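Below: the structure, in structure tokens.
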């Protein structure tokens, strides 16, 4: 087989999938006196398999995989003790459980979230695995199309001016979270006047905001203080970097096609001379 064809196959199966990955690179918006829930996870969502001190994760991440007819977490998170005297723990099969709050620093809301449904193409919250580092501080890598639902914390009530949810979507060529139209005020406070303009909420989580998708860089595509150095399935998709990666993929594809054409033309001319 020609070297150019080998390079082409390597490009298609290795390089291209990494270039087209669609991941949300920002945290969901942070609202004052409110918290958000994730009722269902889109296919492609990843969760870091983090372990307590003294334990080492076997798998780096757990990924939601499937299609419109069936979806499930394709991996098991479990932790092995770093001490040879201890036996490895038994893995926990991912499954559904009651949804937890993403911000334990905020009190539990008195408003019940929308009822969770088992829909194809989505994964539910997996249960904690044994020796998990902090079940309430899991690091998620959301994908395009993910929606989170907001509700006011206990002691606050909502002034709805629109949908109390945020969705990761493509806006002007960039993946961004839509702004939830929710304002939470104290239960004893007077309602806001209808004509009073509500200040826009930031779509970026400020430092110490309580969202547990903290990263080394701004975004949800990095890991939260890993306890061991493991090659992971990070999706390094940021606005500028994503465009550069796509341009690089196109350039590499063009170069390989050109090399293939030149090789085929050279072989064709050589065969004609021999005839």
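Each residue, glycine too, has its Cβ placed from N, Cα and C.
Over in Swiss-Prot, the protein carries these features:
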type     : residues : note
DOMAIN   : 22-81    : domain 'Sushi 1'
DISULFID : 24-64    : disulfide bond
DISULFID : 49-77    : disulfide bond
DISULFID : 51-79    : disulfide bond
CARBOHYD : 80       : N-linked glycosylation site
COMPBIAS : 121-130  : compositional bias 'Basic and acidic residues'
DISULFID : 123-168  : disulfide bond
DISULFID : 152-184  : disulfide bond
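Structure coloured by features recorded in Swiss-Prot.
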residue : record         : contacts (Cβ under 8 Å, 6+ apart)
49      : disulfide bond : 57, 58, 59, 60, 61, 62, 75, 77, 78, 79, 129
64      : disulfide bond : 41, 42, 43, 44, 45, 46, 71, 72, 73, 74, 122, 123
168     : disulfide bond : 24, 28, 142, 143, 144, 145, 146, 147, 175, 176, 177
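The CA atom of the residue listed as 'N-linked glycosylation site' is located 39 Å away from the CA atom of residue 152 (disulfide bond). Summarising model confidence by region, the domain 'Sushi 1' (22-81) averages a pLDDT of 88. Neighbour counts of Cβ atoms within 10 Å were compared across the disulfide-bonded residues 24, 77, 152, 184; the minimum falls on 184.
DSSP assigns residue 49 (disulfide bond) to coil in the three-state reduction, placing it in neither a helix nor a strand.
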